[in-house]
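A.B. asks: Straight from Swiss-Prot, here's the annotation block:
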- His60: active site, charge relay system (ACT_SITE)
- Asp104: active site, charge relay system (ACT_SITE)
- Ser196: active site, charge relay system (ACT_SITE)
- Glu72, Asn74, Val77, Glu82: Ca(2+) binding site (BINDING)
- Cys27-Cys156: disulfide bond (DISULFID)
- Cys45-Cys61: disulfide bond (DISULFID)
- Cys129-Cys229: disulfide bond (DISULFID)
- Cys136-Cys202: disulfide bond (DISULFID)
- Cys167-Cys181: disulfide bond (DISULFID)
- Cys192-Cys216: disulfide bond (DISULFID)
- 21-240: domain 'Peptidase S1' (DOMAIN)
- 1-15: signal peptide (SIGNAL)
- Asp190: site 'Required for specificity' (SITE)
Amino acid sequence: MISLVFVLLIGAAFATEDDKIVGGYECKAYSQTHQVSLNSGYHFCGGSLVNENWVVSAAHCYKSRVEVRLGEHNIKVTEGSEQFISSSRVIRHPNYSSYNIDNDIMLIKLSKPATLNTYVQPVALPTSCAPAGTMCTVSGWGNTMSSTADSNKLQCLNIPILSYSDCNNSYPGMITNAMFCAGYLEGGKDSCQGDSGGPVVCNGELQGVVSWGYGCAEPGNPGVYAKVCIFNDWLTSTMASY
């Protein structure tokens, strides 16, 4: 039992770090127009613009006030495409658990509407849950674990959604119906520290939010993502309430 508790604590420790793309590629500039950087003097998490007023991120990225940076590609350079908008509300899912990182989803209301343009566009919420085998793109400014990849420039990675059995075998007893795994069981490609809260987009829909995992790109330990499709009712009702 002690060892199990230790394993869960390690998982929580990884999950509360800011998650980065390993084994990916630099995104084509402004191809992920929904991607945002959450900033509190530094980039600490990603997020996804879902309409001009709201951003979806991970609940474990919660801070009471954040600056949302939109239209970014290189977060260390002023490129002229950026919009910096402070939050007016930050709302974690009411059933979020920091113990097992369950229901790891959060809404951020912008203090003013984002200006939609070539560099800033929302991503659609899912119309249904994507099946195993669906190819998706995860993106972020996290730790690339590479001496050559520039993590200041948005990194992308194409990953498949894994089956529940593969996911549960990787993390026995830890996967809830609010989570899914995506990536490669052989390792080498994954989201990692600095990507947390960022998007997993499949066929133009936001299916996942970068949530947790053991290490980065480790064999047998794929990335774990919040399953956005089961939160549609909460997302739409919460956005309508504020």
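Each residue, glycine too, has its Cβ placed from N, Cα and C.
Quick one: where do these features end up spatially?
C.D. replies: In the three-state DSSP scheme, His60 (active site, charge relay system) is classed as helix.
There are 30 other Cβ atoms within 10 Å of the Cβ belonging to Ser196 (active site, charge relay system).
All protein chains shown were included, and the count of other CB atoms within 10 Å of the CB of Glu72 (Ca(2+) binding site) stands at 28.
The Cβ of Cys156 (disulfide bond) has Ile21, Gly24, Tyr25, Glu26, Cys27, Ser31, Gln32, Thr137, Val138, Ser139 as same-chain neighbours under 8 Å, each 6 or more residues away in sequence.
The DSSP secondary structure for Cys45 (disulfide bond) is strand.
The Cβ of Cys229 (disulfide bond) has 16 neighbouring Cβ atoms from other residues within 10 Å, across all protein chains displayed.
All chains included, 22 other C-beta atoms sit within 10 angstroms of the C-beta of Cys136 (disulfide bond).
For Cys167 (disulfide bond), the same-chain residues 6+ apart in sequence whose C-beta sits under 8 angstroms from its C-beta are Ile175, Met179, Phe180, Cys181, Pro222, Val224.
All protein chains included, Cys192 (disulfide bond) registers 29 other Cβ atoms within 10 Å of its own Cβ.
The number of other Cβ atoms within 10 Å of the Cβ belonging to Asp190 (site 'Required for specificity'), over all protein chains shown, comes to 28.
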A.B. asks: Just checking the recorded positions His60, Cys61, Glu72: which sit within 10 A of Asp104 (active site, charge relay system), CA to CA?
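C.D. replies: Final answer, ordered: His60, Cys61.
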A.B. asks: Glu82, Asp104: which of these recorded positions has the sparsest Cβ neighbourhood within 10 Å?
C.D. replies: Glu82
A.B. asks: Between Cys27, Cys216, which of the disulfide-bonded residues has the fewest other CB atoms within 10 angstroms in the structure shown?
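C.D. replies: Across Cys27, Cys216, these disulfide-bonded residues, the one with fewest Cβ atoms within 10 Å is Cys27.
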A.B. asks: Mind giving me a neighbour count for Asn74 (Ca(2+) binding site)? Other Cβ atoms within 10 Å of its Cβ, every protein chain shown.
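C.D. replies: Around the Cβ of Asn74 (Ca(2+) binding site), 14 other Cβ atoms lie within 10 Å.
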A.B. asks: List which of the recorded positions Glu82, Asp190, Cys192, Cys229 have their Cα within 10 Å of the Cα of His60 (active site, charge relay system), in sequence order.
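C.D. replies: None, since no candidate lies within 10 Å.
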